[in-house]
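Asker: Pulled from TrEMBL, these are the listed features:
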{"type": "ACT_SITE", "residues": "SER116", "note": "active site, phosphoserine intermediate"}
{"type": "BINDING", "residues": "ASP72, ASP347, HIS351, ASP388, HIS389, HIS468", "note": "Zn(2+) binding site"}
{"type": "BINDING", "residues": "ASP72, HIS178, THR180, GLU342", "note": "Mg(2+) binding site"}
{"type": "COMPBIAS", "residues": "1-14", "note": "compositional bias 'Basic and acidic residues'"}
{"type": "COMPBIAS", "residues": "19-29", "note": "compositional bias 'Polar residues'"}
{"type": "REGION", "residues": "1-31", "note": "region 'Disordered'"}
Amino acid sequence: REPDGHSRRGKDGSFKSGAASSRSQTPQVQGFHERELETDYWLEQAQQTLAQKLATPPNTDHAKNVIFFIGDGMSSQTVAATRMYLGNEANFLSFENFKDLGSVRTYCVNRQVSDSSCTATAYLSGVKINYGMVNIAASVDRYACEYDRNASDFDGLLKWAQDAGKSTGIVTTTKITHATPAGAYASSANRYWENDVEVASSDCDPSRVDDIAEQLVDKEVAQRFNVVLGGGRGNLLPKETMDEEGKPGYREDGKNLIEQWKQTHETMGRSQYVWNREQLMSVDTANTDYLLGLFESGHMKYNLELKDNSEASRMEPTLEDMTRKAIELLQRNKNGYVLFVEGGLIDVAHHETWARLALDETAEMAKAIDTARKMTSEQDTLIVVSSDHSHTMTYNGYPKRGNDILGLGDISDEDLLPYTTLSYANGLSYYTTYTEENHAIRADPSKYDYKQTDMRYMAMVPMDAETHGGDDVGVWASGPMSHLFRGVYEQNTIPYLISYIAQIGDYYERSDSGAGQPLAVCLSLLLGCSIAVLMRR
């Protein structure tokens, strides 16, 4: 895995273990309701769930609007642990109340365990490709400077929406040029080619290979985005230019892509660029056609960083803030919209084995999803929630109900030391999991202060950054035809389900009268299935 040169990691991440201490545990809190002791409670709960399902028939309408959320690195373990982080295992995150649930396989063409770029291509453009690449066919090698772009590059969901007359937007808490948001608009033989310097570092000519930031400003699909909100100013600015917070850009070609975006969109409609929360919240969405908001030089701040700093919270919006403003602007289009939203810092925190931050970012994404569902109607707006891949964090041991999910879970019957309920298969925290003197002996984790937001959690294998996991991830859906997302399927199926429900892409009828459209689509599907059956024979 290539290191991300603009990681949020601090340099001093090590913690020294002390002498063995008392093994006594914090007194247990009863973490369940008294009624859970009664058999009837569970029987009634199951009957209520069944009744709710029977009373909710599928919505078979097509969707006018689509909001697609990706929790980057949001594994099933992360979701389960976040419920406990919010107070109890029996809690529901907002999207867990959605009526329909499926599961997708996340591998790349050439890797068992995926990265965020090959998966973004799958769930946004409908094609599985190679690890580390964005929207380029698997027949092309990574780092290829020259190849047949007409034959190998492809567009996806947001382009299909634009061609159907819908408004579009992307929102992220990472750099806007990072792998996941890049999947909405860019094609790149290396996900890390976010600026010209990174292209040149791979011995490619930046004048012949457009970096991802250039594509955000120059490529037609990106120019037509009505909303672009996230971090990453540095990739759009030259090194000699300081951004609004006094940080220099990363580019060596002298291009100021923020100014270029302003000039381009002045001719396209009413446009506005903002760089802090106050400016964002004051945007008059009724009189704005194009909005660019870049709130950090690199990735945005963690939610817990904002909570601990009043000045930071005044200057930087939350994921919920950005989602709300994006919907307000996009919903003006009578033809509808497609909005793509990433909770990107879940993944960034997991890579550092910062479990508390990962769970808090998951909870924050659940808030944004709840806001989106409350701002829209289930009758005409499809909301899909998923993840690109999992991580190696496990929720393990046999802790009692009410135990602090971020604390100690139990005591090992082998080395007689306590261990945490949450731990990682690998990562930099290996060096705090074992003693400095002997890496075969565990350090005593009861010495650690688990109230710290950047406390690293136990890891078994030393790595400079924790890796992704290869297990399947969930897909939660609410709104028109959400029942189509049930079952287990390949990740690249997602954009086709969305496009069918929203009648875009292959399912967009370009005539003024849409009366015959559903019939035409059904006939097309029937014909395709018939051909497939004949070919099998």
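Just so it is clear, glycine is given a Cβ too, placed from its N, Cα and C backbone atoms.
Remember, TrEMBL labels are computer predictions, not curated facts.
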Asker: Quick check: with ASP72, ASP347, HIS351, ASP388, HIS389, HIS468 left out, which same-chain residues have Cβ atoms within 8 Å of the centroid of the Zn(2+) site Cβ atoms?
Answerer: GLY73, ASP115, SER116, ILE346, HIS350, SER387, SER390, HIS391
Asker: Restricting to the recorded positions SER116, ASP347, HIS351, ASP388, which ones have a CA within 10 Å of the CA of HIS178 (Mg(2+) binding site)?
Answerer: SER116
Asker: What's the CA-CA gap between HIS351 (Zn(2+) binding site) and GLU342 (Mg(2+) binding site) in angstrom, rounded?
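Answerer: About 17 Å separate the Cα atoms of these two residues.
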Asker: Please list residues from the chain of ASP72 (Zn(2+) binding site) whose Cβ is under 8 angstroms from its Cβ, counting only those at least six apart in sequence.
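Answerer: Listed in sequence order: SER116, THR174, THR180, GLU342, GLY343, GLY344, LEU345, ILE346, ASP347, VAL348, SER387, ASP388.
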Asker: So what sits near HIS468 (Zn(2+) binding site) in its own chain, CB-to-CB under 8 Å and at least six residues off in sequence?
Answerer: GLY73, VAL113, SER114, ASP115, HIS389, SER390, HIS391, THR392
